[in-house]
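Engineer: The domain 'MIR 1' feature in Swiss-Prot is assigned to 303-356; the stated evidence is sequence analysis. Taken from Swiss-Prot, the feature domain 'MIR 2' applies to 368-427, supported by sequence analysis. The feature domain 'MIR 3' is assigned by Swiss-Prot to 439-495, with sequence analysis given as support. Here Swiss-Prot flags Asn409 as N-linked glycosylation site, drawing on sequence analysis. The transmembrane segment annotation in Swiss-Prot covers 34-54, 117-137, 145-165, 192-212, 219-239, 256-276, 570-590, 619-639, 644-664, 673-693.
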Amino acid sequence: MTKELPSGYFQGPFRPYKTFQPSLTERPLSKFEQFAVFSILLISLIRLYKLYIPDRVVFDEIHLIKYIKNYYDGSIFVDIHPPLGKLIYFYITKLFSFDKDFQIDIIGDLYPEDFPYLWLRLFSGICGIGHVLLTFFTLRITCNSVISIVITILICLENSMVTVSRLILLEGPSLFVQSLVIYNYKAFTTRIPFTGCWYFNLFVTGIALGLNISLKISGLFTFAWVGILTCVQLWEILGDLRISIWQFIKHLVLRVVAFIMVPLTIYCSVFYIHFENLPNEGPGSGFLTPHFRSTLDDYQQQPLQVLYGSTITIKHNALEKYLHSHDLTYPRGSNLQQVTLYDFPDVNNEWVIETKQKYNEEKLMTDQREVKDGDVVRLYHKATGHYLHVNDIRPPISEHEYSYEVNGNETRGLLGNEDYEFKIRMLVKKPHAENDLPLIKLRTTETIFQLIHQATRCNLMSHEQKLPDWGEYQNEVLCVKEPTIPNTLWYVESSSHPLLKDTKKLKTFPKFSFWSKLIETHKVMFNLNKGFTNPHPYASKPLDWPLLSRGIAFFSNYNLKSIDEESSLIYYLGNVAIYYSVFFVGLIAIFKCAIYSFIKLNPYASPPSSSKSSPYANFYNNSWPYLVGWFINYIPYCLMSRNLYLHHYLSALNFGILLLSQYLNYRVAKNKIIGGIITATIFVSAIYCFYEFIPITYGLPWTLDQCNSHKWFPNWDIDCMTYTG
């Protein structure tokens, strides 16, 4: 007797095979669900409660406000994140009339009375409400109505999500577009292929992906999530014997267009608008090459020649940072003046290139003598009056025998001394060089060279290693014998000399295309992101996040408040009940999905005879995508060496809460009583945790005793002294 095949299976030539078909059907909203949506909307409005508190700059709001100011000034800047969020906030402010010359410098500064900070926070809050509603519509695709409502309310009451959606930050909009991606992709998988609704959800998913990767660099994780799920789905389509190769190609091409081409088009368009709004030099100029900067309206062209006596700035070719010195000294070793790399244009980056003989100002300023390959020179630091110097002492960080400390020492009047002399070895030229002359004579922005110390025969170099706090966390500069060549390469970015005022001899650049700008900007973004290694009091490790070991002090007016101002503290902290539920359910899901996958590895295993899928199978089919989403949005942080903070866990937490919904739905399907008890326990616990921490979520009044009693974990460094005033 032939065994009855379950729904979705057909008999192939040798074995049953699973067909590709929508596994779920969309159901219309019932009256109960319509009432639930209305109720959820009302509950989510609590995110907008007293948005005006505090009327001061909170945490990373300072960065967004400065970027808005840069847009008004047209001053170019560089950030680790793509510019969509900053552009949205900027265009919102353009709807209002206020003094564009506002000055906001640090966290805690009062917002000017006419600055529309409340409207900017309102936008973030509306994104938070949209995130809540989209979560409900996502959940009802695979969960029963009650579980969908419960989990959606958990999103409403998740303290960390509430906090970020009340402030001028990127996290609120980012969570909204991430939820837009998740909902539309899930809806897309339930549609009949090539219908109107199928096309709609397909392309809205692509648009949402474009917005997501244009808001935050972490949007790439969600992009990867869609990519993985799409590959799995295409594999299933390929295995369906009823689908022709041409239909498969159609599926493939449409997904490539929607999930790759559409997002990348949006992404590039956002950067184009970004560049158009920043035509002038600005705080980001120091990170950019002269070729890029030559496209800016107020870029000052530099003399092409470099003469002895020229005041120059020297940049590291790989790191794009300035050779720099200042009055600070090394705390050990020579105890002489520090030499470092610095990110920004500064007077302390200026050096005078001199001959190796005793300084003769009249000769240097009147003789037009060019610096050539093989010349031996000295570099005089204008701001501090000392010469670049190497001595036989180990550097403060790289304490190897083949390494030497680089410092500033001696002043004008110095006689010939090899410890202060460097041979210029010209190696290659920049791509924008017009001829081979930069390989013979030192040319501004064109010649890439090494500086070889005459006494020790070591190469002046720098690397990504940074000095501690006594060195202002600037990059270490040292001298090394036989180093890696890229670390030893330098170029002259700017040059000035009294004899070089002929405008016909200024350096001109060929056209720098939009794509070249885009590539260079991303190199800078990558280096900036990698360079966030300076110690921070509220940095944490990814392993601390799921168990909420510590939070982040977003704001305290302890030292800021006026006489009639109430104490206010915002401490970024998640909902303990939700975080722990997500953590333990994640462990359970990993175990269950691993077991189920192992059982299903045999392609010749007979499918279950029941025409109705078991709760276990439903749990696996609906939970593994969210488990993958949590994994992709969390694990990469464990591999990063940069500073990380609890708010980096938000995207993973969002997937974790969706995973929690599948587990509760599974428990209720298995046993309504046990499932109901687990669901009710988590729900009530989450409400309790939210209520207990409302004051530090919203910045509302509290007391010292109440604050101290809410330090549930030893690492929760909540500044309760805020409430003593």
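Cβ from N, Cα, C; glycine included.
Each of these features: where is it, how hidden is it, and who are its neighbours?
Structural biologist: For the domain 'MIR 1' (303-356), the mean pLDDT of the prediction comes to 95.
Neighbours of Asn409 (N-linked glycosylation site), defined as other CB atoms within 10 A of its CB across all chains, total 17.
Sequence-distant contacts of the transmembrane segment (34-54), counting only residues of its own chain at least 6 positions beyond either end whose CB sits under 8 Å from a CB of the stretch, comprise 118, 121-122, 125, 128-129, 132-133, 136, 145, 148-149, 152-153, 156, 162, 165-166, 555, 557, 568, 570, 698-700.
Here the transmembrane segment (117-137) has Cβ contacts under 8 Å with residues 36-37, 40-41, 44-45, 47-48, 51-52, 55, 61, 64-65, 88-89, 92-93, 95-96, 111, 148-149, 151-152, 155-156, 161-162, 164-169, 172-173, 175-176, 178-180, 182-183, 657-658 of the same chain, all six or more residues outside its ends.
Remote same-chain partners of the transmembrane segment (192-212), defined as residues 6 or more beyond its termini with a Cβ less than 8 Å from a stretch Cβ, comprise 22, 84, 174, 177-178, 180-181, 184-185, 219, 222-223, 226, 250-251, 254-255, 257-259, 261-267.
For the transmembrane segment (570-590), the residues of the chain that approach it from at least six positions outside its boundaries are 54, 58-59, 154, 157-160, 163-164, 546-548, 551-556, 623-624, 627, 630, 646-647, 649, 653, 656-657, 659-660, 662-663, 682, 685-686, 688-690, 693, 696-699, 712, 716, 718-719, judged by C-beta separation under 8 angstroms.
Below 8 angstroms of C-beta separation, residues 23, 142, 182, 218, 221-222, 224-225, 228-229, 542-543, 545, 586, 589-590, 592-593, 596-597, 613, 648-649, 651-652, 654-656, 658-659, 662-663, 665-666 of the same chain, each at least six residues beyond the ends of the transmembrane segment (619-639), sit close to that stretch.
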Engineer: When each of 219-239, 256-276, 644-664, 673-693 is checked against the transmembrane segment (145-165) for Cβ pairs under 8 Å, which one has the most?
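Structural biologist: If we count Cβ pairs closer than 8 Å to the transmembrane segment (145-165), 644-664 scores highest.
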Engineer: Looking only at DSSP and grouping its letters into three states, which state does Asn409 (N-linked glycosylation site) belong to?
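Structural biologist: DSSP call for Asn409 (N-linked glycosylation site): strand.
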Engineer: By Cβ distance under 8 Å, which residues at least 6 away from the ends of the transmembrane segment (256-276) in the same chain are close to it?
Structural biologist: 82-84, 86-87, 202-203, 205-207, 209-214, 223, 226-227, 230, 514, 517-518, 521
